[in-house]
Amino acid sequence: MGFRKKNKSPPVLSHEFVIQNHADMVSCVAMIILLGLMFEVQFVFLFICMLSDERAEQVNLYQYGPKDIATVFFYLLIAVILHALIQEYILDKMNRRLHLSKTKHSKFNESGQLAAFYLLSFIWGCSILTAEEFATNPTFLWEGYPHTHMVFQVKFFYICQIAYWLHALPELYFQKVRKEDIPRQLYYICLYVFHITGAYILNLHRLGLVLLVPHYLVELLFHASRLFYFSDENKQKGFTLWALLFVIARLLTLTLSVLTFGFGLPRAENQGFSLAKGNFNVLTIRMTCLAAICLTQAWMMWKFINFQLKKWREHSQSQASKKKAFSPKSKPHKKDLARGSANGVVKSDDKTSPRARKAKAS
């Protein structure tokens, strides 16, 4: 009777050990922070609660400050734990049923994680826009700037957004993302961190929120369509709707950005630069922000056009191969033409001789 070989556990703190147990390690750190609440440790509140340097009287309004770094770190840990839960209890079980290849497996995991995040963020963003009425009147985007005070939901939304996209950086290591996929994912992760953090620090959270909600809807549709495509390659109708909404979202983003930085903020009452007051309404910063948004939209459109051209070429090639495979049999082949002629003289299909035909004709 043979003994079963036990799988050796990887050495402690090795790369494989960290990858296999990263969710448990992060959970321990989060639990230590939460245990601090039981003993009323004051600095623990920096990690969990939405704090700021100043708070408006009578109304619960918040500002950003250096204490937000601790809060972002805590919710980054929470994002890592939730990422591991979604991966283990939902995506891994679906992958076992679908039997995908390695390439599709990594893309399926990526789309599954992002679709869940985009869905939650879109619903959350819509609820904030409805409550604050940012979307009903475009002048709210620049009236009263600088918008140094935020309600709790707006600040918590931005804290969670920054924490999620920062957590995506170590997940490239934890999820063993392929080397060829790392640059592509790094591009959009860094762009999200740059734009969301910029809107938060420059007190442009109203514009950022209005631009994020339709963008997240378009991205949600794309990744949901890709999930359906991996389950059944015939389900491609979602990509058509995504392509239409993608172009509309780019136009909406450019329009609102030009209105805000080109027409709204230059006519605002508070002009000038002041770190103490959170005022960044100067020409240099306005043009830099507008240029960053325009360049990002142009890059996204370039990637979109290349993606559509690639799909069109693949579709035309598949159609051409199908036509060759199902060509009509009535067309004569070269071999048949060669058999029907000898020494340059074409043989007639009629069995009667030429003399007999002349006699019949006379």
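Numbering starts at 1 and runs along the chain as it is shown here.
Including glycine, each Cβ sits where the backbone N, Cα and C put it.
Since the structure is predicted, the reported quantities are computational estimates derived from the model, not experimental observations.
What TrEMBL records for 29-52 (among others) is transmembrane segment.
Look at TrEMBL and you will find 72-91 (among others) tagged as transmembrane segment. A Cβ distance under 8 Å defines the sequence-distant neighbours of the transmembrane segment (72-91), meaning residues of its chain 6+ beyond its ends; these are 22-23, 26-27, 29-30, 33, 47-48, 108-109, 112-113, 116, 159-160, 162-164, 166-167, 170-171, 174-175.
Look at TrEMBL and you will find 106-315 tagged as domain 'TLC'. Across the domain 'TLC' (106-315), the prediction's mean pLDDT works out to 92.
Residues or ranges marked as transmembrane segment in TrEMBL: 112-131 (among others).
Residues or ranges marked as transmembrane segment by TrEMBL: 151-174 (among others).
The transmembrane segment annotation in TrEMBL covers 186-203 (among others).
Taken from TrEMBL, the feature transmembrane segment applies to 209-229 (among others). Remote same-chain residues near the transmembrane segment (209-229) are listed as 107-108, 110-112, 114-115, 118-119, 121-122, 125-126, 128-129, 134-135, 141, 154, 157, 161, 196, 235-236, 238-239, 241-242, 245-246, 249, 252-253, 256-257 (criterion: CB distance under 8 Å, separation of at least six residues from the stretch ends).
What TrEMBL records for 241-263 (among others) is transmembrane segment.
Residues or ranges marked as transmembrane segment by TrEMBL: 283-302 (among others). Packing against the transmembrane segment (283-302) from elsewhere in the chain are residues 191, 194-195, 198, 202, 204, 250, 253-254, 257-258, 261-262, 265-266, 273: each is 6 or more residues past its ends and has a CB under 8 Å from a CB in it.
Annotated region 'Disordered' per TrEMBL: 316-362, in sequence order.
If you look up TrEMBL, you'll see 321-336 marked as compositional bias 'Basic residues'.
Only residues 6 or more beyond the boundaries of the transmembrane segment (241-263), in the same chain, are considered here, and those with a CB under 8 A from a CB of the stretch are 138, 141-142, 204, 207, 210-211, 214-215, 217-218, 221-222, 225, 286-287, 289-290, 293-294, 297, 300-301, 304, 308.
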